[in-house]
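Positions annotated as domain 'G-protein coupled receptors family 1 profile' by TrEMBL: 60-315. Among the features that TrEMBL reports, transmembrane segment is placed at 47-69, 81-101, 121-139, 160-181, 205-229, 257-279, 299-318.
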Amino acid sequence: MAGASTTSKPFSFHETVFPDNQSGQSGNDSESSKCPLDEPSLSVTLITFYSFIFVVGLAGNILALYVFLGIHRKRNSIQVYLLNVAIADLLLIFCLPFRILYHTNQDEWTLGAVFCKVVGLLFYMNMYISITFLGLISLDRYAKINRSFQQHKGLTPKHSIYSCCFVWMCAVLGFLVMLVFSIRENDQSAMCFHYRNKKKVKGEAIFNFILVILFWFTFLLLILSYAKIAKNLLRISKRRSNFPNSRKYAKTARNSFIVLIIFTICFVPYHGFRFIYITSQLRDTSCYWKKIFHKTNEIMLVFSAFNSCLDPVMYFLMSSNIRKTVYHLLFRRFQGESSRSESTSEFKQAYSLQDSTAARIQANI
């Protein structure tokens with residue numbers, strides 16, 4: 001009988017190895033003691049990667065924020081979105097030291113249950129804010145190369161500011177709702193960032209499902225919009241093959257997929273696994289599978305956090321205007337403020353929209 005149980009263990013998704021949570025603290029403590037999820041090798045891996053992401057992401061996004069704020073002309077709609085992406089990435093990065101501290105302390109949280117929930121929710125909130133803004137950027141770019149939308153009044157910087165404010169308001173509201181759900185769990189366990197049973201807080205699980213659906217909707221939007229952008233630019237490149245700047249169209253078409261590639265690498269693995277993870281939280285899942293789900297989720301989450309390092313690279317690679325602004329700011333640091341007026345006039349010309357579609361796309365990323 002024991003042998004049969006051992007054999008079926010790896011294949012039994014719902015095998016109950018220990019009782020489900022009882023209530024409040026006692027249930028969570030019982031679960032933690034009977035199914036320990038901490039693993040030294042995983043903790044070392046997470047400390048290493050989160051430390052790297054923190055250092056590189058912090059430097060890259062501070063530089064990006066400095067560049068965006070250093071533009072002394074009126075920002076276009078894309079630059080407004082990118083500024084907000086950089087802010088969201090920085091807020092996410094500021095959550096990483098607490099995760100590093102937690103894993104350094106052998107997966108023991110000492111800063112209080114409420115603060116644990118705040119840090120965890122801030123991490124996810126800013127991740128989904130970045131995802132939403134990247135989706136809005138793709139929609140904006142698609143509309144601007146579609147001739148029927150060239151004069152669309154809803155694509156002005158003013159409207160993009162309204163969109164950003166709306167996204168932040170929804171995010172803060174969602175943060176507060178999730179915080180209330182989390183506090184109702186009354187979890188006083190010393191563990192913080194780990195697998196939790198959600199049978200008694202199904203509202204939180206449903207909210208997580210909604211976020212996953214939001215991601216896949218945004219991902220589909222990115223695929224459709226950037227495919228359309230690339231198709232239009234390649235068609236123009238072939239039609240104007242004899243023009244001196246014809247190669248710019250093909251290059252811009254290729255660069256259009258950089259956002260999609262980064263988005264796929266960082267977010268698709270995590271959200272592809274998310275449906276399985278959330279579903280398991282609503283059922284009686286065995287300790288064996290809980291450990292697998294916990295480890296897989298933590299590894300996938302590292303990929304999502306890595307996006308905060310790649311976003312500044314995306315700005316730099318895809319936009320000649322961003323590159324020129326970086327060079328301008330660095331040059332000014334060495335040469336002083338004497339050439340400020342001359343450089344400003346040069347960059348006003350660099351940021352002006354060109355007649356060609358390719359130049360317009362590059363200016364707006």
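A Cβ is built for glycine as well, from the same backbone N, Cα and C atoms used for every other residue.
Just going by CB pairs under 8 A, the stretch in 121-139, 205-229, 299-318 that sits most against the transmembrane segment (47-69) is 299-318. Between the transmembrane segment (299-318) and the listed ranges 121-139, 205-229, 257-279, the one holding the most Cβ pairs under 8 Å is 257-279. Across the domain 'G-protein coupled receptors family 1 profile' (60-315), mean pLDDT in this model comes to 85.
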